[in-house]
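Working notes for the structure below.
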Amino acid sequence: MKERGLLIVLSGPSGVGKGTVRKELFSQEDTAFEYSISMTTRKPREGEVDGIDYFFKSREEFEKLISQNKLLEWAEYVGNYYGTPVDYVEKTLSEGKDVFLEIEVQGALQVRNAFPEGLFIFLSPPSLNELKNRIVTRGTETEELINNRMKVAKEEIVMMDAYDYVVENENVLFACDRIKAIVTAEHCRRERVAPRYKKILEVE
Ligand SMILES: Nc1nc2c(ncn2[C@@H]2O[C@H](COP(=O)(O)OP(=O)(O)O)[C@@H](O)[C@H]2O)c(=O)[nH]1
Ligand SMILES: Nc1ncnc2c1ncn2[C@@H]1O[C@H](COP(=O)(O)OP(=O)(O)O)[C@@H](O)[C@H]1O
């Protein structure tokens, strides 16, 4: 039987650069994780494609997925639902592949309960001012939504203690390097424990 893959959870406040870091990671050839595409009731932004950026759902469809236990976690975030399809995650982990989730903080805490063995990484902004600059510069939110997201961000930043690692996103490439280094280190840490040493001793 194949060893199960690692569940990697990247989380942090909106606008910190999770999407940017994730896209950069997945554009790099040596990234060996599988990205789990989330479900959302948010309307697609310009250029977003159903089945690539998200699976876009109506509120009714999403609520049906919740009642059928099809989501590993879900959260209502600034007026929309977001959730992770459980079947994809389970299937991919059982094939021995690492799965990468990019989700907000409430959802990450739910995954922590369901998968305590996951690897939880908090992407932090260099400062609150820089976080606001990034959300404003992205230009996808109205002023009211920006203020909502900043309010949520303050509550989220204090949750970083609940994560295994904190990576500061000052520079996207440095953040990606650190995430990959953390994943590599985590694999080495897990392989250190049984049955790896048994395998080595058996050869003698
Ligand atoms: N809990 C949860 N959060 C998600 C999921 N997918 C995306 N998110 C998070 O929902 C928040 C809003 O996402 P989005 O509307 O795409 O805005 P953006 O990430 O700020 O560009 C972000 O913090 C995402 O990381 C998911 O499946 N579950
Ligand atoms: N390290 C960085 N330095 C400067 N700007 C960044 C950095 N990372 C991301 N950004 C910018 O910040 C904005 C928010 O990034 P995004 O990836 O959409 O955040 P999130 O997915 O966490 O909401 C985007 O305009 C993006 O180009």
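The backbone N, Cα and C atoms fix where each Cβ goes, glycine too.
As recorded in TrEMBL, the features of this protein are as follows:
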type: DOMAIN; residues: 5-184; note: domain 'Guanylate kinase-like'
type: BINDING; residues: Gly12, Pro13, Ser14, Gly15, Val16, Gly17, Lys18, Gly19; note: ATP binding site
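The DSSP secondary structure for Gly15 (ATP binding site) is coil. Residues from the binding-site residues list (Gly12, Pro13, Val16, Gly17) with a C-beta closer than 6 Å to any atom of ligand 1: none.
Other residues of the chain with a Cβ within 8 Å of the Cβ centroid of Gly12, Pro13, Ser14, Gly15, Val16, Gly17, Lys18, Gly19, the ATP site, are Leu123, Pro125, Leu131, Arg134, Asn169. Just so you know, the Cβ of Gly12 (ATP binding site) picks up 29 other Cβ atoms within 10 Å once every protein chain is counted. Using a 10 Å Cβ-Cβ cutoff, Pro13 (ATP binding site) registers 27 neighbours. Residue environment of Gly15 (ATP binding site) contains 24 other Cβ atoms, counted within 10 Å of its Cβ in all protein chains.
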